Amino acid sequence: MALELIERGCPNCGGVISSDRLEKGLPCSKCLPKPTEEKVCDALEELKTLKYLKPFCDTDKSLERFINFFEKAVGAKPWSLQRVWAKRVFMNQSFAIVAPTGVGKTTFGLVMSLFLKGRVLAIFPTRLLAQQAGDRLSELAQKVGVNKKILIYQSKKNIREQFLNGDWDILLGTNMFLHKNFENLINFKFKLIFIDDIDSFLKRGKNVDYLFKLLGFSGEEIKLALKENKTQRDYDRLARIRKRKRDTVLIVSSATLKPRGKRAYLFRNLLGFDVQKAITTLRNIVDVAEPVKDLEEALEKSVELIKKLGKGGLVYLSVFYGKDKVQEVKEFYRKHGINAVSYLDYKPEELYQILEKGEFDVAVGISHITNPLVRGIDLPHIIRYAVFLDPPKHVFPTELTLSPPLLHGLLLTLLNLFEGDDRLKAIQYVMYLKRYLTLREEQLDNYPRIKERVEEIKNFLENYLKDENFLKKIKESEDISLVPKEGKLYIVVGDANSYIQASGRTSRFIAGGMTKGLSVVYYSDPKAFYSLKKRLALYYMTQEIEFKRLSEVDLNKLIKEIDEDRKRAREILQGKGVAQIKDLFKTTLVIVESPNKARTIAGFFGKPQMRLVEDSVAYEVPLGDRLLVITASLGHVLDLVTDKGFFGVLDDTYPYLPVYDTIKICRETHEQHTEYEYLKKRCKGKIEDKLEIIKGVREVSYEVDEVFIATDPDAEGEKIGYDLYLLSKPFNFNIKRAEFHEVTPKAFREAIQNPREVDLNLVKAQLVRRILDRWVGFTLSHILWDAFGKKWLSAGRVQTPVLGWVIKRYEESKEKKGEILLHVNDFPLKIEIEDLMFAKEIFKDLELADISLSNPQEEEKRPLPPYTTDTVLEDANEKLHLSAHKTMKILQELFEAGYITYHRTDSTRVSDAGKYLVAKPYITKMFGEEYFYPRSWGEGGAHECIRPTRPLEPKDLEFMITAGIAEFEDPENALKVYELIFKRFMASQMRPAKVITEEIILKLPYFEWKERVVTEVKEHGFDLMYPTFKVFPKKEKLEITHKEFREVPKVYPYTQGTLIQEMKRRGLGRPSTYAQIVQTLLERHYVVEEKGFLIPTDLGREVYEYLTKHFPEWTSEELTRKLEEAMDKIERGELDYMEVLKEVHRIKVLLKEEKAFKK
C-alpha cells in the first residue's frame, strides 16, 4: 500500500508517482502501466515513453560495453572506482580522480581513450611519460583489436604534418606542446581531454586558459570565473554555465596538494570540482613511546632498534636541536654500521630519488612541517617505520620580534595561563593576528596601523614574560616547558601536526587499504611528551592515538605485518595483485541533513575533495576500504501540498493518501512553500527548488555501489530519510539507513557497518504528526482568518492549549504573597508567606526572633541527572538568558560539529561509552578515580542523554575556537551552552557528597519556620564539579546580617524554560517541537517576553477565547495529549496510523459549518 503520492517525483517523466512504485525502483504508471520483470530501461524504450531516464539508460548500455572492452584489454573487469569514473564520462561529467596509489588511474584513462568515439587529447608532464603511455596504448589497442591512430607529438616535420592534418584519433603531448600549439588545437573537437599531472600543468597559467577554451568556454566566462568579489548574480550565472551541456569531458588524473594560483578556481567555478587533492588522515600505525635519560641514550637505544627493524626508516630530531645535530646523528649511525642519509646532503628531488630506490637504511631529518622528510614522501613500498629521538616541538624564543605568526603561536600556547580581562584581550589578539599570518615582519612598515597593533601585542607578551610569577606559572603548567639554551630562554610545547605528518609517511593509502607502520618516540622530558599527547587529542580528535611501551608490542609479528604490506604495495605498483583486492574497495554515498554535518564527517578522515553535482555539494575522501562521498539534503526535501484534497490529503477514498511535492524556498526571505506560484507572489528574489538537490542526490546515487541515509535519529529524520530513499531507489537498489547519535568517527563507522532498513513505523508516526498539524492547524487558522480578518493568524493542536497555560498563569501571577530575604551569618535564606499582611508583621519582628540550629543528620547528596532537551532549554534560558529557539540552534551546531550527542531527546540514559570513555578519564585525571561513580540513569533504548562526546574541557573548546579549529555562528554562547552540558554530565558520573545537615529554626511567639541546611561536608563528590548546595557557616552566635521584604507573585508567569518544563510534564509537544511551539507564540504576537517572563497580549487572549469557546474539542489539552500518546504507539507499531487519521478527519465538518473552506 502506498504511504504517499509525490508530485514531480517520477524519475522518468517528472509526474506524480506513488511511494510503492518508487520503493520498487519503478517510474509512474503513466510511463510504465504494468510493473515488469525486465529492465526498466528496455520496457520504457519498447513503450516509447523513455524521457528523463534516457541519459542513465544510455550510460548503462555504454558501461556494459565498456566493462567487456576493459576486460579484453586488461584481462580483468574494471573495479568499483573505475566503473564510477566510466559512468561520469558517459554522463558527460568532468572530474578529478580521487583514489589511492595503484588503482589504475592511467590504465583507465588509456582504455577509455580507446573506447570512446571521437578525438582524445592526453597531456603528460614529460615526453618520456607521453611515450610510455603511447606504447601502452598501442599494446592495449592490439589486444582489443581497435584500429585507432595514436600520435605521440614530436617536433619532427612528418609528425607535425600528421598532427596539423588531423590524421590521428588519440594525441599525446606534453604541457609545453599545449602551450606552443594551442592555435592549432583549437581547430579540433575533442570527446575527452586527459591531464595526467595537474601539479605541473598548473605551473603555466596560460595553459589553464587554453585548456578551458578547448573545453568550449569563452574568454568572458573564464574572466567571470576568475573575478574577485563575485556578486550573487555572478554565482547564479556560473551555476547556469556549469549546467550547460558540453561535448568534451575533462579527466584530471592526479589532484594537487596545493593548487597554485587563482586559475585552480576555474575548475570549481566552471566544471564543479576541486583540483585540490583529497588527503586522508587515516593511519594504520602502532605508536610507541619510550622514556630515556637524555638524547645520548635515545641514540643508543635507536641503534639497537634500527638494526632489528632493518631498512626503510625515517629518523627525526625536533627543531630544538637544529641542522648541525642532524649531521652528527647521521655520522653516529654510520659509525654503528647503519647506512644513514641526511636531508641536508641532497636537493629535495635527489633525496626523493634516493629514497625511492631504497638505497639507505634510515634518512635523518627534522620533525617540522617544512622538512622534506615530513611532507610529500609517498613511498608505501619503501618507508616502514619512523623514530623520533625526541618529541616534535614548537619552540618560541622569549626574546620577541614583530613576526605575526610567532606572536600568534605564542599567544595560543600561553592562552590558558592568562586570567580575567587579560585572557579576553589575548583571545582578541589571536583573532586579530589570524588575519595577518602571511605578513612578514619586514612588510609591516608598509602598514603603519597594523604595525602599531602588532607592537601593542608584542609589548603585552613581553610584560608577561618579564614577570617572575608568570614564568613560575609556565614552569608549573602541565604541558608548557621553559627551556634554557645557550644563555637564552625558550618556551616549548608539543607539535602535533608534525608528528601526524612525519609518522604518517609509514602508513600510506594504496589499493586495498592502509599500509601498516611503526612510530617510536623517545622522550627525556615527560612534560614535552605529555604536551604532544594533549595536542594530538585536541587537534586530531578523530585519530584516537594511544601510545604503547615497546615491551607491550610483539615486534617480530609487527615487522612481519609491515613487510607483507610492503610486498603488497610493490605488487600493486608493478600492476600485479590488483585483481585480488579490487572488489574490496567500494564506493559509498552517505546522505546527511546539513552541510555542517557533511563537512564534519568528511573531515574525520582527512581533507575532502569538493564536487558540485547539480545543486548538491559532495565531499569525497578515501576511507580505508571505500571512497566515501558525503552530501547533504539541507533538511526536508518534500512537504505536504496545500491545494489537493483536504489540505494536501486525498480523502475521497479510504485509506487517505497524502500528497507531497518538493519544497521551494525564497532565497531572500527564506519563506518555504510547495507551490511555486504562491511563493512567486511573495518573493522578490530567486526561488530555489529542492528538486535541484534531489537531482544531484539521484545522480551521485546512480554512480556508487551503496547508499547510506544518515539523517537525524528521530521520527522526523526517519521521514526525511524515507523521502530520500524513495527518490533515490530507481537509481540505486542498495540503499540502507545508517543511524548514529553522536557525530564521531567511531559512531559513524559503527553506523555504516551495522545499517538497517528504513523504519516505516517511525515514518507513519511522522506522517500522522504532519497531517494532524496540517488538518487541525489549517482548519482553525482558516476559521480565525474569517473571524478576525487577519490572514497571518494561526492555531495549532499544541500551540493553542499552551497559549491557554500562559494566559492562566499570568492571571494567577497577579495574586501576591510576601517574600522575606534574609542572611543569617551571611548565608542567604528565603521565607515565603502566602498572607501578605502576616508576612509584613513577621518581617517587622525579625530582630526579636530566636534563631537556632538543631537535629544534625548525616546525608548523601546526589547529583542531578544529565540533560534532556527540556532541562537544557530551561537552564540555558534561566542561567544564560537564551531563548529556546537560540539554544536549539546552538545545540544543533554542537551536535553537527561532533561535540555533543543528539540533542532532541527525552532520555537521561548514559551509554557505557559515555561512562567509561568520556566521564572516567576526565574525572580520574581531575579528582582521582575514587570520585568516579558510573550511573546509567535512564532505561535502555536507542536514545541517550545530552552529553559531551569526549572528555574535552570547556577551556579546551575555547582554545579550539580561538585557534580556528572549531567554528560557531555565536562562539561565546556555544561555549557557555557546552560548559553547562559538560559540567552537568561529569557531575552525574561522580560519587555522592556526604554531608551533615541541620535544621535552622527561626522562632517568634506566634510563628515558627524551619529549613534544613548543609553545615559540613564530610566527603566531597560531585559538588566539586557542579555544586547544588551551599554550606552554612556555623558560628557560636547566629545573627541576621541582612534582611529584605518583597511582594512577589504567588506563582510567577512562565519563562520560556519553565513553559517547556510544563509541556514535558503534561505530555504536550516533543523534544523536536518544544522550542518551535514557544517561537510560534512569540512570532504570532500572542505572547511577548518581558524581563524573561511570557506575557499574553490582547490578541493572544482574544484568539484563545474565540477558539476555546467555539471549538473546545479541538483546542483541549486532553485531545492533544491523546494524539501525542497515539503517535508514540504508532512509532512502536502498536496502533494503525490510519485509525488516528480517520478519527481526526471529523474536523473537516467545521470548515463546512463555517463556510471557510475555499477551493
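Using N, Cα and C of the backbone, Cβ positions are placed for all residues, glycine too.
Pulled from Swiss-Prot, these are the features on record:
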type: BINDING; residues: Cys10, Cys13, Cys28, Cys31; note: Zn(2+) binding site
type: BINDING; residues: Gln82, Ala99, Pro100, Thr101, Gly102, Val103, Gly104, Lys105, Thr106; note: ATP binding site
type: DOMAIN; residues: 86-275; note: domain 'Helicase ATP-binding'
type: REGION; residues: 583-1159; note: region 'Topoisomerase I'
type: DOMAIN; residues: 587-743; note: domain 'Toprim'
type: DOMAIN; residues: 759-1152; note: domain 'Topo IA-type catalytic'
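Feature map: annotations from Swiss-Prot on the structure.
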residue: Cys10; record: Zn(2+) binding site; Cβ neighbours (10 Å): 25
residue: Cys13; record: Zn(2+) binding site; Cβ neighbours (10 Å): 19
residue: Cys28; record: Zn(2+) binding site; Cβ neighbours (10 Å): 22
residue: Cys31; record: Zn(2+) binding site; Cβ neighbours (10 Å): 23
residue: Gln82; record: ATP binding site; Cβ neighbours (10 Å): 24
residue: Gly104; record: ATP binding site; Cβ neighbours (10 Å): 23
residue: Thr106; record: ATP binding site; Cβ neighbours (10 Å): 18
Near-site residues: Zn(2+), ref Cys10, Cys13, Cys28, Cys31, CB cutoff 8 A to centroid: Pro11, Asn12, Gly14, Gly15, Ile17, Pro27, Ser29, Lys30, Leu32, Thr49, Lys51
Between the Cα atoms of Cys10 (Zn(2+) binding site) and Gln82 (ATP binding site), find the distance and write it as a whole number of Å. 29
Could you check which of the binding-site residues Cys13, Cys28, Cys31 is the closest Cα neighbour of Gly104 (ATP binding site)? Cys13
Write down the Cα-Cα distance for Gln82 (ATP binding site) and Cys28 (Zn(2+) binding site), rounded and given in Å. 32
Whole-number mean pLDDT, the domain 'Helicase ATP-binding' (86-275), equals 90
I need the CA-to-CA distance for Thr106 (ATP binding site) versus Cys13 (Zn(2+) binding site), whole Å please. 38
Rounded Cα-Cα span from Gln82 (ATP binding site) to Cys13 (Zn(2+) binding site), Å: 30
In three-state DSSP terms, Cys10 (Zn(2+) binding site) is classed as coil
Where does Gly104 (ATP binding site) sit in the DSSP three-state scheme? coil
Helix, strand or coil at Cys31 (Zn(2+) binding site) [DSSP, three-state]: coil
Integer Å distance between the CA atoms belonging to Cys31 (Zn(2+) binding site) and Gln82 (ATP binding site): 32
